[in-house]
Amino acid sequence: LNHQDKKVTYMEQENDWDRDLLLDPAWEKQQRKTFTAWCNSHLRKAGTQIENIEEDFRDGLKLMLLLEVISGERLAKPERGKMRVHKINNVNKALDFIASKGVKLVSIGAEEIVDGNAKMTLGMIWTIILRFAIQDISVEETSAKEGLLLWCQRKTAPYKNVNVQNFHISWKDGLAFNALIHRHRPDLIDYDSLRKDDPVHNLNNAFEVAEKHLDIPKMLDAEDIVNTARPDEKAIMTYVSSFYHAFSGAQKAETAANRICKVLAVNQENEQMMEDYEKLASELLEWIRRTIPWLENRTQEKTVNEMQAKQEDFRDYRCVHKPPKVQEKCQLEISFNTLQTKLRLSNRPAFMPSEGRMVSDINGAWHTLEGAEKGYEEWILSEIRRLERLEHLAEKFHQKAAIHQSWTDGRKPGTGKEAMLTQKDYETSTLSEVKALLRKHEAFESDLAAHQDRVEQIAAIAQELNELDYYDSASVNACCQKICDQWDVLGALTQSRKESLERTEKQLESIDELYLEYAKRAAPFNNWMEGAMEDLQDMFIVHNIEEIQGLITAHEQFKSTLSEANKEREAIQAIQAEVQKIAQSNGIKLSGGNPYTTITPESIDSKWEKAMAMVPQRDAALQEELNKQNSNDSLRATFATQANTVGAYIQAKMEEIGRISIEMNGTLEDQLTSLKDYQKNIMSYMPEINKLEGYHQLIQEALIFDNQYTAYTMEHLRVGWEQLLTTIARTINEVENQILTRDAKGISQEQLYEYRASFNHFDKDHSGALMAEEFKACLISLGYDVENDKQKRSGQMVSDDFRALLISTGNSLGDGEFARIMGIVDPNGSGAVTFQAFIDFMSRETTDTDTADQVIASFKILAGDKNFITAEELRRELPPDQAEYCIARMAPYTGPDGAPGALDYMSFSTALYGESDL
């Protein structure tokens, strides 16, 4: 007999029950009490109950209502009359409905029920209990009574003193009832405290707990069971079936709750990762936002020392403050990739960070930061050079201005050039004196012309200081303007005096030619000595060996002219000696000094001695600078050697990590271990980077701005080192994501090897991504067959190997289907497919995940098959934190069958999978 036939046969046997047994008052009492309680447990759902089982069913109204409640179906409309015929018709409608459910009623007629026949009424209720409470019980291919008995045996097997073999004497001591409750709700029963020799206590304990906590009404009295040699089987079966239905519903609810808990746990973990990403991204962007204005600040300082202090602050930023932010940026990118992988694996929508917090936004802000860094560093170096130039020019300006002022003002008050040019001495002078004054004036004009170059130099230096934005330009300009105005006055006065002397010259004669020659030769020579002394004291700034060697060469050329200059000095002194000789020879009494010049032989010799003393000092200064430049050149070579080594190392490791990511073998765990060991090996090179930073600091402190020995700059090497560390971290993250994919999707190691081999084969340029046609060829090589009869394949094949493979396998990818696949693996339309996207697609095609429909079905079980659920039901079936999580996010239910406080679990479930908005 099949399963359904067994049910029918069992029903027929049970219907042919021994009615003589009902004559046993004890059994009839037990059945009456049990059946009444069972009926009331269902009738209370309709807001009514019965008191006397044979009296209250006589008019058929409550009988029909009972059948509607337990079946969930509507019966024919009852007749409301009070006559016997109305009652018989109502009972017949109920019996017809029972018969329509496949139940064969034996010897039970409507008249007997209407007449209040007790044993017939109890028989009818037993038939209803069998059909609606026991028949559908199924446990391991057994059903109805046998299924219920097997369920009891399985549930009570672990308990001592319990041996369920039937539905009568096996339940007399009450332990079996308590074992059933304890098995499903151990929190309600202290089973170890029960004694087999106290059956009344045991039975009352089980009945009271069931009524209070399980909503199972008390259907029997403990004394009736204990005081009966063989309790009524039907009463016991009815009572036990209530326990079965109560606990079977709880088991379904537990399974549904577990599924929901699992889904919510995944969602909560993902939300935490999203919050962490948002927090870290906000903090990093805030740091960048605060830092960029500092790097863009171009407030100029007045001195080199103040700018060097800014340079030290910038070096502290690069070495102390920025490296942790580089690590945060790398970790942020890794966290983002891991989160996206988890979301894909759990069939959740991709994570979209808040506006302005995308990885691309962070990379853009970081790029702006690095641009500001580069500009700031270049500005600092430029400012230092500018301030050095300004200090040199300012010193030179003040030196030349002081020399010029000394020349114009004279050594004593009243001896200045302006005073000299305004005197009227020629009006009372003799002819010889006037001629002398005229010659003296000619000498002064030569001197004035010689000083013209210095005045032009002073004006040029002032103009350059203004162009370089010298902070004290106002005082420089005032000084320069005073000199220029004074120079114009001197020019006008010189011309005026010359004209006066020339007018007087016609009246005067005879001037000593020797004095005149002396003056003419002494003045230029004196001016040359002043220029030479000025040059010997001139400050200099050089940046390389070639420049200092140029100065040394110029100085040597100057020294080579000293011999001729000394001859000129001796010739000038000889003129003065000749004057003295002639005066003595001719008895001429000289009234004073040379009337044509104030330059005495003593002053020439004094300046000559000072100039000769300055020559070795200049030699020493140039030699010191040469030694300094040699030292700087050594620093350049040391830095270049280390920079070339580090640069080659970084380049080699970048190429090596590219090959490693393609050629890795072994399990993913082995690959991950190898990559982490490789990362440790790379980090062990950090001392070499720090050594190079030390050399770079020495070069900057020495104000060295160029290096012909290497093409590398510290900035290039820093960027290369950071890129190397980031590339290794990304490669490790890719392998970790592959492990996540493999573990979550159940992909075997061999499948991953096959996917990686196929991907690398078609990645011809080793770029780590496949173009569209390469990706199509890779899918076909793996045996992925997508047909599209309505469209023809178009486009050029990637290679002859691909064309042969396609022909040999007979596979083809239709354009429409392939476009759909590309939309999955390349949602941004970049035209390239990464290995991670390729793995996600292949795993999605070969595995299954939870769906929104499954979650909706689970919520429906918890809701008792309603289209909505209440907060009370969620708190009863789910852990507290996840119940509150659902309550906070579920929208109110708006359907027509809703109730106060109803929540919409369907839209909530679809939102978990991105099919609608929460």
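Note that Cβ sites are derived from N, Cα and C of the backbone, with glycine treated the same way.
Unlike curated records, TrEMBL annotations are generated automatically.
Mean per-residue pLDDT, taken over the coiled coil (263-290), amounts to 87. Annotated coiled coil per TrEMBL: 263-290 (among others), in sequence order.
Residues annotated as coiled coil in TrEMBL: 434-468 (among others).
Per DSSP, the secondary structure of the domain 'Calponin-homology (CH)' (29-133) breaks down as 71 helix, 0 strand, 34 coil. Per TrEMBL, the feature domain 'Calponin-homology (CH)' maps to 29-133 (among others).
For 142-248 (among others), the entry in TrEMBL reads domain 'Calponin-homology (CH)'.
The domain 'EF-hand' annotation in TrEMBL covers 750-785 (among others).
Residues or ranges marked as domain 'EF-hand' by TrEMBL: 813-848 (among others).
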Counting each residue once, how many in the domain 'Calponin-homology (CH)' (142-248) are helix, strand and coil under DSSP?
65 helix, 2 strand, 40 coil
What does the DSSP secondary structure composition of the domain 'EF-hand' (813-848) look like, as residue counts for helix, strand and coil?
23 helix, 4 strand, 9 coil
Which residues of the chain, 6 or more past the ends of the coiled coil (434-468), have a CB below 8 A from one of its CBs?
386, 389-390, 393-394, 396-397, 400-401, 403-404, 407, 417, 420-421, 425-426, 476-477, 479-480, 483-484, 487, 490-491, 494, 497-498, 501-502, 504-505, 507-512, 515-516, 519-520, 523-524, 527, 595-597
Taking DSSP states H, G and I as helix and E and B as strand, how many residues of the domain 'EF-hand' (750-785) are helix, strand and coil?
23 helix, 3 strand, 10 coil
